[in-house]
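A.B. asks: Checked TrEMBL, it gives:
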- B:MET54, B:GLY202: substrate binding site (BINDING)
- B:ARG129, B:SER175: ATP binding site (BINDING)
Amino acid sequence: MESIAPSFVVSPGELADCVSALRASTPLIQCISNSVVTNFTANVLLAAGASPAMADLPGEAGDFAAIASGTLINLGTPYAEQRAGALEAVTAANAAGTPWVLDPVAVGSLRVRTELAFELRGLNPTAIRGNASEIMVLAESGNGGRGVESTDSVESAASHARSLALLTGAVVAVSGPRDLVTDGTRTVLVHGGSSLLTRVTGGGCALGAICAAFLAVHDDPLVATVAAHAFYSAAAERAELLSNGPGTFAVNFLDALALVGPQELKEKAVLS
Amino acid sequence: MESIAPSFVVSPGELADCVSALRASTPLIQCISNSVVTNFTANVLLAAGASPAMADLPGEAGDFAAIASGTLINLGTPYAEQRAGALEAVTAANAAGTPWVLDPVAVGSLRVRTELAFELRGLNPTAIRGNASEIMVLAESGNGGRGVESTDSVESAASHARSLALLTGAVVAVSGPRDLVTDGTRTVLVHGGSSLLTRVTGGGCALGAICAAFLAVHDDPLVATVAAHAFYSAAAERAELLSNGPGTFAVNFLDALALVGPQELKEKAVLS
Amino acid sequence: MESIAPSFVVSPGELADCVSALRASTPLIQCISNSVVTNFTANVLLAAGASPAMADLPGEAGDFAAIASGTLINLGTPYAEQRAGALEAVTAANAAGTPWVLDPVAVGSLRVRTELAFELRGLNPTAIRGNASEIMVLAESGNGGRGVESTDSVESAASHARSLALLTGAVVAVSGPRDLVTDGTRTVLVHGGSSLLTRVTGGGCALGAICAAFLAVHDDPLVATVAAHAFYSAAAERAELLSNGPGTFAVNFLDALALVGPQELKEKAVLS
C-alpha cells in the first residue's frame, strides 16, 4: 500500500469558520442529481442550513446556475434532458464563477454516464467527489466498481486522486472508511463517520451537495471540501449513537446535521 | 403593511366535517408533481387518509384525471413528458369536473415553468397554492423568490392573492408563518403550524396535495382549502412536540397526519 | 369464494437458508422502478443486505442487467426512456440468465403501462408480483383496481394467478392481507405482515425488489419468492410493534429488515 501521508494542516478554527459561514449565509445550492436521492439530498442541505433547488431542466438550469451559490452535478441517473441541463448549468456556472462539484456515480462500464463524466472532467469542476473506484476510472487508471459500490480502497486511489486533481485543477475527494481530500499538492485525511452511511441510499451523493454548500462559503476549495467531509462525519457519528439500524440512522442523521455547530466541529473533527 | 383582516368565518364544525369526509371516502388523488417530493407527497396523502397515484404520463394522465377525485399539478421539475401530461390532465379534469390545484413552484426567473404556470392559470384551476413570491409572480406583481423560497411576506401578497383569485376564479392560498386563503371576496387566515416544515423538502408541495384531497370531499373550495391548511398545521404542531430536528419531525409529521381527527381539528384550529 | 388451499410445503430451514445466502452474497439488484419509490426501494434493499442500483437508461440498462444478480421491472411511472431501458434490460437479462421480476403497477385502464406489461409478460419473467387486481388484469380476467389499489381480494385472484403462472412460466405472487405465491402447480400462502405497509408508498413496490434479491440467491423461484414474502412480513411485524403510525413504521421497517435473521425467519414465519 502506498503512503497517503497527509501533507497539509487545516486548523480546527478554519473548520468552525466554514460552519459558521454556512449558517450565516444559507447558500442557494442547485442540485442536478439522480432520481433516487434528490429527496434525501434536499433534506440534507436543508438540515445543514443551506437552501436546495433541483433546477435541472434545459432552458432553466443555466439561468439557475448563474444565480446559485453552488452547483452539484451528480451522474446517477443521467436522463437525456438532465444531461442537457447539466452541460447548460456547467457553462453558466463557469461564466458566473459559481463553484460546482462533479460526482461521477458508477462511471466505468456504464457508457452514457462515463462519456458525460469525461466531458465534464474537462470543464473545470471546482471539486470532484466519488468513491475510490469512480475516482480511479476518472483518472483513467481503473475499471470501475460494482454498481454504485467501490471495489477499490481509498489507499489504492490516493495517487490517482492527486493526478486527477493536477489534471483538472479540481479538489478531489475520495470517500471511504477514512476520506482523502487533495488538490494534487496538499492532501488531508478525514477520520470518523459511520459505516451506517453506506446502508442509506444517497449517503455519498448528499455529501457531494454538502461539498457544494461549503465551497459556496469559503474561498479555498481544499479547506471547504475538508470542512464538508468533517462536518458530515461529525453528524454521522452523532446519529449512530442514537440509532438501531439504517432507518433510524437516516432520520437521526438529518437531526444531527442541524445540531452540529462550529464549536463541536472545532473540538471533535479528526484530520491528519 | 396593508391590512389582511379576515372577512369570513369558517366554523369549527365545518373543519371537522371536512376531516370526517376525507376519512370516510379515501379520495383518489392524482399527483403530477416534482421528482424531489413525490415520495413524501404520496406518504402525506396515505397518512392523512387519501389514496395517491402519480399518473403523469402523456396517454395516461388524462384518463386518470377523469376518474380521480382530485388532481395536483406541481411545477417543481417540469420535464417535457410531464408538461404534456399536466396539460392533458387539466383538460380531462375540467371536462370531468375533477377539482385541481396548481402549485407554481419557483415561478419567476425560471422560464419553462413560468410559461407553463401562466398557461395553466388560464385553465380554471380550482385552487392555487404557493408562497408569497410565487403568488405575486402569478398575479403579475412580483419578480419571484430565491429558488423555492419566498422573499416576500404573506402580508405583502394579500391584495395580489385576492386579485389572482378574482382573475382566475380559483381559491388562492399563500403559505407562510400564517397562511392566507382567499377567493377574492372572502379571506381567512390560518394560524399555527411549525417552522420545521420549512426544513423538510416538500413541506409546501405536499400541502398542495392535501388541498386537492379536501377539495375532493367538500363543495365549497374556500372552506375545503382552509380545512386543508388547518389540518396540516394541526399535524405539524403535534409533530414538533415530539421532534429533535427536521429528520424526526418529518417522520412524526406523517404519524400525526394519521392521528389528527375531526374532534382535534374542531377544538384546536385557530382561524381569523 | 374458491378454495386457495395450499399444495406445497416450504420448510423453515429453506427460508432460513435463503436469508443466509442473501446476507452472504450481497446480490447486486438492478431496479428499473417508478420515480415515487426508488429511494425507499433502494433503502429496503440496502437494509436487507443487497446492493441496489437504479440503472434504467437506454444504452446502460442492458449492460447492467448482464452483470446484475437480479433485475426488477416496475411499471409505476413508465416514461419513454425508462420503457426503452426496461426492454433493453429484459433482453440482456434473459441472455445472461439474470432472474427478473415484473411488477405491473396499476395495469388496467392506463394504456401505456398496460401495453408494456403485456409485452413484458411474454418475455419470460422469472416472477410477477402485484395486487389481486393487477394480477387479474395480466391474466386477462379483470378490469383493474382503483389507482394503485386493489379492488379485488387475494382469494378471488387465486385461480387467475395459477393460470398466469402456467401461461408465462413465472412464479406469480399476489399481495394482500395474506400473500399467495404460485408457480401454477405449487401454491403457498404467507401469513402475517402489517397493514401499516399499505400506508407507506412503495410498500408493495419494494417487495418486488426483495423478490429479485431472493431469486438471485436461490435456484427454485417458488421457494425464493415465498422466502422474500415471509422475510418482508417478519420485518413488518417487528416494525409495527415499535410504531405510532405510518411515519415511524417506515423507519422501523428499515431497521427491522436489517435485524431479521435466518433464525428468526425459521422460527416465526407462518406459511400454509
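Residue 1 is the first one shown; counting continues down the chain.
Every residue gets a Cβ built from N, Cα and C, even glycine.
Note that the structure is predicted; figures quoted are calculated from it, not measured.
I'd like to know what surrounds each of these features in this structure.
C.D. replies: There are 27 other Cβ atoms within 10 Å of the Cβ belonging to B:GLY202 (substrate binding site).
B:SER175 (ATP binding site) falls within a strand when secondary structure is assigned with DSSP. There are 27 other CB atoms within 10 A of the CB of B:SER175 (ATP binding site), with all protein chains counted.
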A.B. asks: Name, in order along the sequence, the binding-site residues among B:MET54, B:ARG129, B:SER175, B:GLY202 with a Cβ closer than 8 Å to any chain C Cβ.
C.D. replies: B:MET54
A.B. asks: Listing the binding-site residues B:MET54, B:ARG129, B:GLY202, which lie under 8 Å (Cβ to Cβ) from chain A?
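C.D. replies: Of B:MET54, B:ARG129, B:GLY202, the entries that lie near chain A are B:GLY202.
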A.B. asks: Fill in the CA-CA distance, B:MET54 (substrate binding site) to B:ARG129 (ATP binding site), as an integer in Å.
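C.D. replies: For B:MET54 (substrate binding site) versus B:ARG129 (ATP binding site), the Cα atoms are 19 Å apart.
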A.B. asks: Could you list the residues of the same chain, at least six apart in sequence, whose Cβ is under 8 A from the Cβ of B:ARG129 (ATP binding site)?
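C.D. replies: Those within reach of B:ARG129 (ATP binding site), by Cβ under 8 Å and sequence separation of 6 or more, are B:VAL101, B:LEU102, B:ASP103, B:VAL172, B:ALA173, B:SER175, B:GLY204, B:LEU207, B:GLY208, B:CYS211, B:THR225.
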A.B. asks: According to DSSP, collapsed to three classes, what secondary structure does B:ARG129 (ATP binding site) have?
C.D. replies: strand
